[in-house]
Amino acid sequence: MFQSFFPKPKLFFISSAVWSLLAVLAWYAGGRDIGAYLGLPPLPPGQEPVIGVSVFWSTPFLWFYIYYAVVAGLFAAFWFAYSPHRWQYWSVLGTALIIFNTYFSVQVSVAINAWYGPFYDLIQQALARTAPVTAGQLYSGMIGFSGIAFVAVTVGVLNLFFVSHYIFRWRTAMNEFYVAHWPRLRHVEGASQRVQEDTMRFSSTVERLGVGLVSSIMTLIAFLPVLFKFSEQVNVLPIVGEIPHALVWAAVFWSVFGTVFLAAVGIKLPGLEFRNQRVEAAYRKELVYGEDHEDRADPITLAQLFDNVRRNYFRLYFHYMYFNIARIFYLQADNLFGTFVLVPAIVAGKLTLGVMNQVLNVFGQVRESFQYLVNSWTTIVELLSIYKRLKAFESVLVDEPLPEIDRQFIDAGGKEELAL
């Protein structure tokens, strides 16, 4: 799954995590100030960033682009020399580019949040008639937002195009790897589906979850300091009362609660998804045989195989029913949680409309980052089922025992109803 595309996968991912951590620490330990020697100084203390699209080519941003390129280039150069790999340009440099695009999308959110405050304060002044506000000022504010949105959409579309090629290259690498070992793999149940379909789904799902995880981490790095700052204004929570860093603790508590709650409710889903793929593969395989052999795909056999499909789907529907009830209830409550937390501050008159929108946006960004597992749980379930299927291939190639769920199927004589 990984060795076909990445050089020495285990060491590669560990080293990339360590290198990324060192790069972040070096940046905050003084790396961001080095740009001053190149004519790209950071913002002076106390000065607010530029509001609008021009922030993306301001001197602090330009220096970060150079810093990231150097860090990524050094990491790639090491791996190109240490463990050359056919797909190294896509797996190493391609991954670095996707991470950079993820960082850029987070900075778009930061830029939009900075735009919220002045614009909504302007609206409040116009509605309350506390200061003269012209239509031109409001139109100008909306044009500022449009500039940010245009850059975000352009970069986002280009990133999606690149990611599509990245995923297909990963699928190609897995396909070539498994086809090269096909004589040993062809006897594994549903081997054709595992090569043709599961490789495609695995690469796209891992990429989606990986980008989501990186985005969550970068969002926390970008927005947690802002949330700490706003916690100075919002230091009282409903029911709990006054506590330091109230907004941060509220976001952590609510996200951890949702993660544990939904993980417990959906614990049975990965195994059921795996079995669903197995019964579908068995039914499809018999139909394919029936296209070329008259003695295959007889009505009785097809009826038995379809009974397995129906039985597993009905079990899946039942378990997804209560999981979706729990998930939807939590997400609906989540829509109100930010406003619920701000009620004491709103009643006390501590917030303007602009600041309230900024706080809600920042709180939502941090909360969603902590809720990575909640928002990704159904995708994680899908990935686990795919991983279990491809893991059987890995086991055959390294002469390891098959995963338990495959052994149960073999021990049951290939009869799905006895393996459940």
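Residue numbering: from 1, along the chain as shown.
Cβ atoms are placed via backbone N, Cα and C, with glycine included.
A quick note: this is a predicted structure, and the numbers were derived from the prediction, not measured.
The transmembrane segment feature in Swiss-Prot is assigned to 11-31 (among others); the stated evidence is sequence analysis. Residues 64, 67, 71, 75, 79, 83, 95, 221 of the same chain lie 6 or more positions beyond the ends of the transmembrane segment (11-31) yet place their CB under 8 Å from a CB of it.
Taken from Swiss-Prot, the feature transmembrane segment covers 61-81 (among others), and the record attributes it to sequence analysis. Below 8 angstroms of C-beta separation, residues 7, 12, 15-16, 19, 23, 27, 31-32, 34-35, 38, 40, 42, 55, 88, 92-93, 96, 100, 103, 107 of the same chain, each at least six residues beyond the ends of the transmembrane segment (61-81), sit close to that stretch.
Summarising the annotation, Swiss-Prot assigns transmembrane segment to 92-112 (among others) and lists sequence analysis as the type of evidence.
With a cut-off of 8 Å between Cβ atoms, the residues of this chain six or more beyond the transmembrane segment (143-163) that come close are 51-53, 56, 94, 97-98, 101, 104-105, 108, 111-112, 115, 119, 207, 211. Summarising the annotation, Swiss-Prot assigns transmembrane segment to 143-163 (among others).
Marked as transmembrane segment by Swiss-Prot on the basis of sequence analysis: 210-230 (among others).
Taken from Swiss-Prot, the feature transmembrane segment covers 247-267 (among others).
The transmembrane segment annotation in Swiss-Prot covers 336-356 (among others).
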May I ask for the residues of the chain that lie six or more residues beyond the transmembrane segment (210-230) and have a Cβ under 8 Å from a Cβ within it?
24, 98-99, 102-103, 105-107, 109-110, 113, 163, 245, 247-248, 251, 355, 358-359, 362-363, 365-366, 368-370, 372, 375-376
Going along the chain, which residues at least six beyond the ends of the transmembrane segment (336-356) come within the CB cut-off of under 8 Å?
116-124, 230, 233-234, 236-238, 246-247, 250, 254, 363-364, 367
